[in-house]
Amino acid sequence: MPTQFAPLQNDTFLRALLRQPTEYTPLWLMRQAGRYLPEYRATRARAGSFLGLAKNPDFATEVTLQPLDRYKLDAAILFSDILTVPDAMGLGLYFIEGEGPKFERPLRDEKAVQALKVPELGSLQYVFDAVTQIRTELKGRVPLIGFTGSPWTLACYMVEGGGSDDFRTVKAMLYNRPDLMHHILQTNALTVAAYLNAQIDAGAQAVMMFDTWGGALADGAYQQFSLHYMREVMKHVKTEKDGVRIPSIVFTKGGGLWLKEIAAVGADAVGLDWTVNLGAARAKVGERVALQGNLDPSILFAQPDQIRAEVAKVLESFGKHSAGSGHVFNLGHGISQFTPPEAVTVLVDAVHELSRPLHK
């Protein structure tokens, strides 16, 4: 494995996460390599399937770099899927066109849950190979983000056997058999920490934990079944590699209510969805963590002038930068597959241009 990667030319994103001064507000987009890009759709057709794309380091590298060839983004994010982890745990991941991910062997009874173990990371070598290959081919243009799902979010898919509207099965287990739920979450936490560390060893320069379904939990249950295990993960994730800081981001969609508690989880930055007021969030936790977000992805269906106006609102909501403040611009969730690619050009240019006066 090459230990010598090209020197980083643009570290704005990493500095913002560490609340160091930057010349402008950096940005990247959740799902920036995705179906809204015609070049992504062409590569996916060649790969034959989503898993054919994600499990092949050459294809994964190609699609990771596509948005960077088109837009002046400040970070790349590994092209993969959070469900590679339960797949490695033996649950049998497959995709049905139009229905999304499914598991052949969901965790529905005590026997299945008790059999769950931290997997051999060798079964995820294709992910680590992709990380190293992407980092090499980036040639230092921008940093590379590695990522994982949170223990709770992974558990939702593992128990439900796929996506869900109401999380009935996983919540029934949580309330009826909390002992089984905790066993799943503890196993997931150990796995996820090792998985992120292996991505860091392979070349990831920052890591992010997506708690997509944390917001489905009641207050109280969130702290016990999601937040606690994210804290467990953060305790074990490397904060540096070869003397260089590796910043971390956590993101609970629908987690605005628990902002102060999320900020204390041990990550350098907290991602926000579009329901949160960024300025209010900064007032609450901005001395402690950087913030990432939080434009409504649907704004990208508006006219260019409207996109610029909404970008300005988000930037002004965060306000002028001071010592120890950090903001990474992003959407409040993943970009829609129906987004016109040219809208992203407007967004990127607007963020870079309109944020500069706020950093003086």
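Cβ atoms are placed via backbone N, Cα and C, with glycine included.
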Task: Kindly point out which candidate in H327, H333, H352 is recorded by Swiss-Prot as part of the substrate site with R31, Q32, A33, G34, R35, D81, Y157, T212.
output: H333
Statement: Other C-beta atoms within 10 angstroms of the C-beta of H333 (substrate binding site) total 22
Field: Rounded to the nearest Å - Cα separation of Y157 (substrate binding site) and D81 (site 'Transition state stabilizer')
entry: 12
Task: Give the maximum pairwise CA distance in Å, whole number, for the residues R31, Q32, A33, G34, R35, D81, Y157, T212, H333 listed as binding substrate.
output: 23
Query: When neighbour density is defined as the number of other C-beta atoms within 10 angstroms of a residue's C-beta, which of the recorded positions R31, A33, R35, D81, Y157 has the lowest density?
result: R35
